[in-house]
């Protein structure tokens, strides 16, 4: 059995790490490189960096900080933000990233997933899915350009359909960003995770809602996700990664102990 992964998420805007609630009202957390090093030292299994306004601004993630992060950490990390071509991805990987993640650009052109997977291998290609539960319809819908609340829009895709589509296109991993839960720290949306897990054959990462160690346990035990991504509980030092891993191991979760 592969070990479950604990993954801090660093949302980047204007060269700094920020954090919002339900993808809105972002506050500045701190500088990118020191936070990355802190999480690596605490025992994170990997890191994810999202340049949250790159896609909506029509630009590619700033590669200068990617190189600086690669110099100070020795764990895998994934970078996302406005990647629209093989050349964009190649440059980010050449600066030291281990994976690249695409979200809004994949919704604009789903063939991008296949082209990237063919060039770099599926293990390198992550698709992020920003999903919102609509109380009126009782369905989960995929959103686009979520880094800018003034440009965010609901797409034609229902979440489960898009999960299946990106796998067929060549996604090697899926990060499910559950927008309703984001930043509120009352637990992952287990109902949605279970539905997605039923149709997801590639590694599935839960994102949005972690507030306690028990929330991580529930995601691993009840929804069988491969990794759990979180931000505010780590940024605000509510949960220490080493202590979290010790707790999960004590509950029988296969986890890498540092």
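Heads up, residue numbers simply count up from 1 along the chain you see.
Placement of Cβ uses the backbone N, Cα and C atoms for every residue, glycine included.
Remember, it's a predicted structure, so these values are computed and weren't measured experimentally.
Noted in Swiss-Prot for the protein shown:
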ACT_SITE  11  active site
ACT_SITE  130  active site
DSSP-derived structure type at residue 130 (active site), helix or strand or else coil: strand
Around the Cβ of residue 11 (active site), the count of other Cβ atoms that are within 10 Å: 23
Rounded Cα-Cα span from residue 130 (active site) to residue 11 (active site), Å: 14
Cβ neighbours of residue 130 (active site) where a neighbour is any other Cβ within 10 Å: 26
